[in-house]
Protein chains: 4
Amino acid sequence: MTTPTPAATVLSGLDTVRPWLEDLYRHLHAHPELSMDEHETAARVVSEVRAMAGGEELEIITGIAGTGVAVVVRGGEGPTVLLRADMDGLPVQEATGLDYASTVWTQNRQGESVPVMHACGHDTHVATLLAALRLMLERRDAWSGTLVAVFQPAEEQYNGAEAMVADGLVDRLPRPDVALGQHVLPGPAGSVQVAPGPIMASCDDFRITMRGRGGHGSTPHQTLDPVVMAASLVLRLQTIVSRQVDPRATAVVTVGRISGGTKTNIIPDTAVLEGTVRTYDAEVAATCLAAIERAARAEAAAWGAPEPDVETFDHLPVTDNDRGVTDRVRAALAAELGEDAVRVFEPESGSEDFGVLPDAWGVPYSYWGFGGFDAAEWAAAEEAGTTDDLPSNHSALFAPVLQPTLDTGVRAMVAAAMEWLGR
Amino acid sequence: MTTPTPAATVLSGLDTVRPWLEDLYRHLHAHPELSMDEHETAARVVSEVRAMAGGEELEIITGIAGTGVAVVVRGGEGPTVLLRADMDGLPVQEATGLDYASTVWTQNRQGESVPVMHACGHDTHVATLLAALRLMLERRDAWSGTLVAVFQPAEEQYNGAEAMVADGLVDRLPRPDVALGQHVLPGPAGSVQVAPGPIMASCDDFRITMRGRGGHGSTPHQTLDPVVMAASLVLRLQTIVSRQVDPRATAVVTVGRISGGTKTNIIPDTAVLEGTVRTYDAEVAATCLAAIERAARAEAAAWGAPEPDVETFDHLPVTDNDRGVTDRVRAALAAELGEDAVRVFEPESGSEDFGVLPDAWGVPYSYWGFGGFDAAEWAAAEEAGTTDDLPSNHSALFAPVLQPTLDTGVRAMVAAAMEWLGR
Amino acid sequence: MTTPTPAATVLSGLDTVRPWLEDLYRHLHAHPELSMDEHETAARVVSEVRAMAGGEELEIITGIAGTGVAVVVRGGEGPTVLLRADMDGLPVQEATGLDYASTVWTQNRQGESVPVMHACGHDTHVATLLAALRLMLERRDAWSGTLVAVFQPAEEQYNGAEAMVADGLVDRLPRPDVALGQHVLPGPAGSVQVAPGPIMASCDDFRITMRGRGGHGSTPHQTLDPVVMAASLVLRLQTIVSRQVDPRATAVVTVGRISGGTKTNIIPDTAVLEGTVRTYDAEVAATCLAAIERAARAEAAAWGAPEPDVETFDHLPVTDNDRGVTDRVRAALAAELGEDAVRVFEPESGSEDFGVLPDAWGVPYSYWGFGGFDAAEWAAAEEAGTTDDLPSNHSALFAPVLQPTLDTGVRAMVAAAMEWLGR
Amino acid sequence: MTTPTPAATVLSGLDTVRPWLEDLYRHLHAHPELSMDEHETAARVVSEVRAMAGGEELEIITGIAGTGVAVVVRGGEGPTVLLRADMDGLPVQEATGLDYASTVWTQNRQGESVPVMHACGHDTHVATLLAALRLMLERRDAWSGTLVAVFQPAEEQYNGAEAMVADGLVDRLPRPDVALGQHVLPGPAGSVQVAPGPIMASCDDFRITMRGRGGHGSTPHQTLDPVVMAASLVLRLQTIVSRQVDPRATAVVTVGRISGGTKTNIIPDTAVLEGTVRTYDAEVAATCLAAIERAARAEAAAWGAPEPDVETFDHLPVTDNDRGVTDRVRAALAAELGEDAVRVFEPESGSEDFGVLPDAWGVPYSYWGFGGFDAAEWAAAEEAGTTDDLPSNHSALFAPVLQPTLDTGVRAMVAAAMEWLGR
């Protein structure tokens, strides 16, 4: 007879809470809210936490950056572990046909009526973190230390974590020793994806407005042609990745939008480029952004044109998993889920603002994925090389299978947290 | 005592018709119509011609290309001379403050409500051609031959003359020996502008759709980036004028519009360039258009991308005044208006579809300008070097002074026509 | 009976001097000298002038800019006319097979042994100017005023006229009222080519050294790649003619040489562009040169690279014939040679430093061409459209037919000079 | 008491052979030979092998690709292991000041007299492989299997291994089960550098000749300007790495040389680009090469120019260490040299043709480095971050410290070989 691990002790209650977990998830899925508008979700988080606390006076901090919620459970001596879930949905019209599919429409910030869907699975994050919290509250005998559960707004807009930090997060919460987060992703339900180092790219969006001087298309010499400026600049931006960044580093400089002029024969006053920089290294990102600005200013100088406007926005750091923390997370997940269930998290060019929270304190973190697809369907797709064709995050058809997705999310979160807190 | 010239004989009636001419002009100015919508104008032309014909059965051909009108006056042996006026206004809201200013709004082809103004002075063309016709009908003793007056729709859209040709112009009218046309332009009222050779540029508009394959901005290698294609193509198009056209020729290749993508991080499927080619030589234009198409196809080939769409439209030939015809026109105008009133028509990069009519028969033509500005105001502006600041054609403030603008237009048209028809 | 014109009076001696003229020409042709090395030619000029002066003490100024010679003949009241011939040959190995062909080899400035040939016909200029001078000295009764004959070095290097100006030309010679020059050109012998306005292009050569930082080809991020800089700059230079110069102006910006690096995998420190700007308008040339410099500096700035070296050299102004002077020259040539012999000088993209001399005083000038090809051969080539295939100036086969080329050059120069000096 | 490992048994003779090893090395260092000219070196290899064989008739195959030598030692049952050393020096004038420095000058293939130096340390490779062979021959009791020692010419020219394969290597030698090679590199003497996977880049050099049509710089429209073509192509090549290659892959496309034209005003007929492609993945290299060719052909097509010449040469595959083999090598080296002595081989953008040999049979391999710098000096440089300033391979100052460099090379080679052969 073997003694169960502390994590197993906590998770022994999973069978009991599962019906509540699944109902909670379905409710959240059917009631998505847009970024910074997660009022109902936040209220539900608070009411669920109050319910699971029993009579205990838990520290529940609400209204961080509007809708953010944090729960602090002080469980005696030991490390402080921050667990994070993001809460927001997307302006996507759900097409999954699920009986708990969203039919919500709401007004966006521009006053337009838009559909809303949990198309990125943040509902699974909220539900599994609440379940992990409930299970740990039920077995406080199994752990010691401080648990901080953070429910964050507006990950999709890349500014929710930043807004929480700006709203005093560091002063309002105890300093964690480690921060943990997870995301439902393509992959077989039941599996997790873990890797140390940079796993999600940094993001820096930019907008460049080249300023020329418009005029008739037949008299170019009386103008400063911003269309040619913008075109020339797009070509020059190619030299950043090809010549100015270490070939062994990963860097992308994409111009996703170019726009100048309205018709064939009128040279416009301005032309606009909008793009994004993705890297796995802050220094590389800085190199790219400096080169972009230098290139834009040089382009104007080449024509004797006015200074361009060069704006950057939507900055997200690299999600750069600490090696030591991640090695422990990996071991804990392998112990709980089995070695076979632990896959490698392949670096993604997508971006994520989770890291902004631990970065605010300068503490290490690890972020992992858990699969949301029917395992048989996924295996067949892997066999056929068609996994890219399955409806992924942000798709109107994105629909994680209920189980073992939710169970896996709960088990992973508990196992990882207990790696630090278990006694 | 000297015998009056035949032109002077015809023009002796000008004093008498002047009040009618000015009223007619003010009416036309106050009732502008958009291109291909010149129904009221055409009806007025017909009713005026009927009135001036007295009981005579003139050949009046209506409905050529919708609103086009031609009047054929067979006046015995002799050459056939085609005189042309264009009839359409522009979607501009008049800001002249004239008491006969247009307040017209109408629906354009897209169903939008737009203001209309004779902002290019085509009302002066219609009025002066009708007056010339009236004077010549009154003094048929002074001339012999066939007079054809053409009132053309849709010059502003560059397709009215073409539409008339497509609608059987060549078969419906007698073949002219020469075609004459005029345009009110910046310059002192009372003066005309004449030059042989190419005086207005050819025009060929183009639209190029580069076809790539869209995708996420962070995975460019899975896409074919049409933004970079379009940018590269814009730069290559610069080499047409710089390297592929005789430096002594005039050629312009302008990309007036570039558009691809909607946001920073989505690589779009396509990007579009729209532009215009202006030259004074059909061969140069052909060189440019061939080079544009070759460049666009090569750009796609460089990426292994689908063939681009390369469309050309709004072709207008060079307005290339026949030297012999123009020498005679110049002499006739100098005789009627005085040598000092005849200025040099400086080649314009603007375009005009008048030449399409004589080109349909392959007959020579001459096209001249007549000034519409107060002579003192113009002289002061010339002195100050500020003539470019005066409100020119297409401006909401464009307002030819009534006189001597209208008289000059009538005198020029009669004098030129009589150069061939006078006896 | 008609009185001969003063020019005809002077030219009545042509039959007598013709044998001397032809011998002199053959001698000069067989003894070409390189630019700035025209010592024998200059000495022969001086000895011929002394011989034709008889006992008269003519003012002969030698050694202007090394080998330049000027002869001043003060002939009483009246205008001062400067006549110019250039003296230098080219490093070309003659392949004409003429019995007076050059077999000369000499050392060039770099100490290399090179062949020399009068491949541009400057020998005809020297011979005909000497003959004109001799004829005018013989009939001083026919004219009044001051005649200045200038024999200039180093036209082929574009710096002979400039060197004469730098060597005090303006102070050493009387100020002319008009300057006249001529060049043997493709065209039928017996004909001349005359036109007012800009007939030969300005020239400004440039050399741009882009300064990067070299390194191994596999680590571009540790370098500043001057090859990409140079390539990008070449493309940007295309926008000068395509966008920055009036489309109606003639301008050429050619990069004739690009050079950077030595092998596949070493990124060099620098790359060099060499090119030329040709225009018919000093302002246009200035626009181009400013744009080139701006573009080069912006290119460096885009990379954060050191400032490039931008040098210009070999400046030649437009040869811009004064209209009034040229009208008089044209009339004089037509009177002497017949109207049919006077052709239009089509503007050339080649350049010439004749204008530097009159520009030094700010006086008007005219420069014309005279044909050097057998008239029948030329007519046949014109018929066949193959005149471009005939061996032109700078060809190793360039061989003006002796007559009537020489006679025409003498008659043209005398007739033009006598337009101002004849009494 | 522990039993020595088989490797230790073999290496127990090292103390005895060390003087011979060091003398041999100094001799080789003082007598470097250029690629494909390694006649003396090959002869010395043969004579040393004969000496160490005693009376035994070893299989010595000479003259493979000219100077290549292979020694086959059949030692009974067991795996076949190929050990490789490259033999050639470089045309560098040694500046080390060592008392055994090279003073050799020789004629290169172009007949020029050039200095020669073992500036890349191949002398250490030859000496240590001979020593390893001698030690293993002395203790044939310690191992079983077949040992193949290959002494390869012309690694520096990237074609020695290829030449051996072309000269029948596969048929002339027994098929190995594994191939092993090593290179002296920057790093502390006594240490080795090991890593699985791609450790040295692939190389594909290219030469593109753009074919235009030359002419005078002032008449670009009569030419097809290859300078602009080449410049445009250089810019387009930047899009390969920036857009067409997976951002997570390493790829370099460098144009190390651009050359077209001779002077400012002559547009040349052709322009040449020479460059190199470096990757760690054959598929990425293929993508780059296909894109280069496509770009060059499209560039010509854009101008209607003749097809360009696109040549590739000097292909080297990625040196891609087999993971299984390398794990075993690493373990063996750690066992022999100590765990601390085994460093990570950081992937290099340089290239190496070792892999061509095992690739000829399709067998796995591992290639590692051994340090050549004084350990204290290296540690100080690491501390100061100045290791890049130390004289590295190909430097005229490159001078591995004699010991423990040579000992470490011998011990590493024996230990690795014995991992397969030891009993």
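Each residue, glycine too, has its Cβ placed from N, Cα and C.
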| message | If I go by TrEMBL, which of C:E59, C:E77, C:E156 binds Mn(2+) at the same site as C:C120, C:H122, C:H183? | response | C:E156
| note | Filtering the binding-site residues C:C120, C:H122, C:E156, C:H183 for a C-beta under 8 angstroms from chain D leaves none
| How many of the residues that make up the domain 'Peptidase M20 dimerisation' (C:206-302) does DSSP mark as helix, as strand and as coil? | 43 helix, 32 strand, 22 coil
| task | Check each residue in the chain of C:E156 (Mn(2+) binding site) that is at least six apart in sequence and keep those whose C-beta is under 8 Å from its C-beta; list them in sequence order. | result | C:S35, C:D88, C:G89, C:L90, C:C120
| note | Close in space but at least six residues away in sequence, with Cβ under 8 Å from that of C:H122 (Mn(2+) binding site), the same-chain residues are C:A85, C:D86, C:M87, C:D88, C:G89, C:E155
| message | I want to check the contact list for C:H183 (Mn(2+) binding site): same chain, sequence separation of six or more, C-beta distance under 8 angstroms. What comes out? | response | C:G121, C:H125, C:E352, C:Y367, C:W368, C:G369, C:F370
| message | Is it possible to get the count of other C-beta atoms within 10 angstroms of the C-beta of C:C120 (Mn(2+) binding site)? | response | 24
| request: Can you see whether DSSP assigns C:C120 (Mn(2+) binding site) to helix, strand or coil? | output: coil
